[in-house]
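Chemist: Annotation source TrEMBL lists transmembrane segment at 21-39, 59-77, 97-125, 145-167, 179-200, 227-249.
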Amino acid sequence: MNKVWRLIMNENIKLYRRLSTWIMMGAGLLLFLVLTLSYEPWSEFSSGDYPQLIVSFRFLIAIFAITVAGGIVASEYSEGTIKLLLIRSRSRWKILLAKWLTVQMFTIILIELIGLIGFLISMLSNIPSYGIETDSGKWFSVPELLVVSYYEIMVFSTMAFMVATLFRIQSAAFGVTIVAYYVGSFLASMNTIQATWFQFTIFANSNVTEGYMHGGELHMFGVYKPFIASGSVLLVHLILFLIVSFWVFQKRDVTA
C-alpha cells in the first residue's frame, strides 16, 4: 500500500507540474465566478437557480476529468517515458492504479472547489444554495447531487482512461468519451433509438444526475427508468472499463 501511495503522490506531482492542469482549473473557477456575478442584482436568483448552476457545472468538470484521464496514460507514450516508468521494480497494475486514482482525486478536488466556492458566495450574498426542489416536490441537497455527479463523471473518465490505454492517443480518448457522454444522452432523450438493447448501453445512461433530480428516475423511451437501474448499468461499464484497461496494460509490449 505504501508503494501505491508513493506512486499516487508521484502522479499528482507530474499532473500539477503541467501548466495545462492549472489553466483548466483556473478557467473553470473563473467561468463559475463570471456566471455567478453576471446575476447582478443577485436577488434575481430564485431559491433553486443557484444550486442548479452549481450542479450544472458537472458538465465542465467532466470535460476536464476526461481530458486528464486521456492524457495521464497517453502522454507517457507520446513523451517516451513509458519505458522508464515500467523499468523499475514495480507491478504494472500498481502504476496504472495510481494513475486512475490520481484522475479521481483531481475530479473530487474540482467538485469540492466548485461546491465550496458556491457555498461561500451564497453565504456572503444571501443567495439560496441549499438544494433543489423538483417539479415532483422532492428536495435534493447540493452535496448530495454533487456526489451523484461524481459517480457519473467517474464512469466516463474511466472510459477515457481505457481508450487511452488501448490506443495510446489522448485525442482518441477525448473524442470517443465526449461522444458517449453528450451525444448518447441526446439520443436517449430524443427517443431516437427504440431498440431495447440500447437501454443497457452507456449512451442511454450518461445523464443519471438529471434522472436522480427528477424523482430519482431517468426518462427514456417515453418511460421512467429507476435511478438504481441506470446506476447499475454504469457500474457494470465501470468494472468492464477497468478490467480491459488493466489487462491491456499488463500484457502490452512497450517496445512495440
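Heads up, the Cβ atoms here are built off N, Cα and C, so glycines get one too.
Curation plays no part in TrEMBL annotations; they are all automatic predictions.
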Chemist: Can you tell me which of 21-39, 97-125, 145-167, 227-249 gets the most C-beta pairs within less than 8 Å of the transmembrane segment (59-77)?
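Modeler: When the Cβ pairs under 8 Å are tallied, 145-167 comes out ahead.
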Chemist: For the transmembrane segment (145-167) and the transmembrane segment (21-39), does the number of C-beta pairs under 8 Å, pairs 6 or more apart in sequence, reach 3 or more?
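Modeler: By the criterion, they do not touch.
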Chemist: Below 8 angstroms Cβ to Cβ, which residues of this chain, lying six or more residues outside the transmembrane segment (21-39), approach it?
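Modeler: Apart from its flanks, the transmembrane segment (21-39) reaches 15, 45, 49-50, 53, 57, 60-61, 64, 67-68, 106, 110, 113-114, 117-118, 121.
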